[in-house]
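Participant: After the structure tokens below, expect a handful of questions from me.
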Amino acid sequence: MASQSGFIVRSQMSTSSSSEKGFSTLSEYMGEGGIGLGDELVVLFEHIQYACKRIAALVASPFNSSLSKQSSFAGGDSGSGRDAPKPLDIVSNEIILSSLKKSGKVAVMASEEDDAPIWINDDGPICGGGIVELDHLPREEKATLNSLQSGAKLVAAGYVLYSSATILCTSFGSGTHAFTLDHSTGDFILTHQDIKIPPRGQIYSVNDARYFDWPEGLRQYIDTVRQGKGRYPKKYSARYICSLVADFHRTLLYGGVAMNPRDHLRLVYEANPLSFLVEQAGGRGSDGKSRILSMKTSQTASKTAFIF
């Protein structure tokens, strides 16, 4: 699992720059960076940080190969009388869920690893921009309905990139910022403040193997930028590694376009958070026709095409 997204809470940020004091940790940035976050959000992100560090340690572990991606092994018998190790994505999901529960600040968690949204805390204040009063409904229905709030109500989002460096990229509603994990101190350090997507990139990120399945307009666009025709004469080059967070992160920093014309991303907890981040960085998130954050759905598992 390459990302954890959907950190949904209300906040206000000022325009003061924490870079004036040098590099800042995420904890310092939230507490002293002049961004006006409430105590509940700070507590929540401290728990999210801890979960991300645990996952980063698992990814870097020499024993990571035992965390098989083969779902047939998950929760099964290894043949030696012991339970086989769970896949890394399942373990990561459990770590995140545990941290959210311990924070006491979250009402609902939705994830592709779970069959339905999980109702965590009846008193949890942080959920989709505000908990709807649904006390007469079963927990499962309350969890689902709270998760289906429009992406336009998002006030914070984030993802984590686990690679040679562990990078937590987040926005609290005024700019997108990236924090890199310093393994020597265990702190997430502010390394990319107020990211702005370049007005023009030189990279397109899409699965070219499906070229002939694309709409005609998309094929024409890719042909145009690949040949250096159109408004900008420089040719685009392809970069696609089939890791959404990695492709998205590169696009965020260097510009260009990352997309999938098929209904691929889950709107509620993948497309919406990433669209929030890209818009906070000056870009756009669309399904090819409409703004993703304006889209509505009646199912947490519904998917959408995306162009970032």
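Along the chain as shown, the residues are counted starting at 1.
Glycine is treated like the rest: Cβ placed from N, Cα and C.
These came from TrEMBL, pasted as-is:
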type	residues	note
DOMAIN	138-192	domain 'Fructose-1-6-bisphosphatase class I N-terminal'
DOMAIN	197-307	domain 'Fructose-1-6-bisphosphatase class 1 C-terminal'
REGION	1-21	region 'Disordered'
REGION	66-86	region 'Disordered'
Participant: To what whole number does the mean pLDDT across the domain 'Fructose-1-6-bisphosphatase class I N-terminal' (138-192) round?
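Facilitator: Here the mean pLDDT over the domain 'Fructose-1-6-bisphosphatase class I N-terminal' (138-192) amounts to 85.
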Participant: In the domain 'Fructose-1-6-bisphosphatase class 1 C-terminal' (197-307), how many residues does DSSP assign to helix, to strand and to coil?
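Facilitator: Secondary-structure breakdown of the domain 'Fructose-1-6-bisphosphatase class 1 C-terminal' (197-307): 45 helix, 22 strand, 44 coil.
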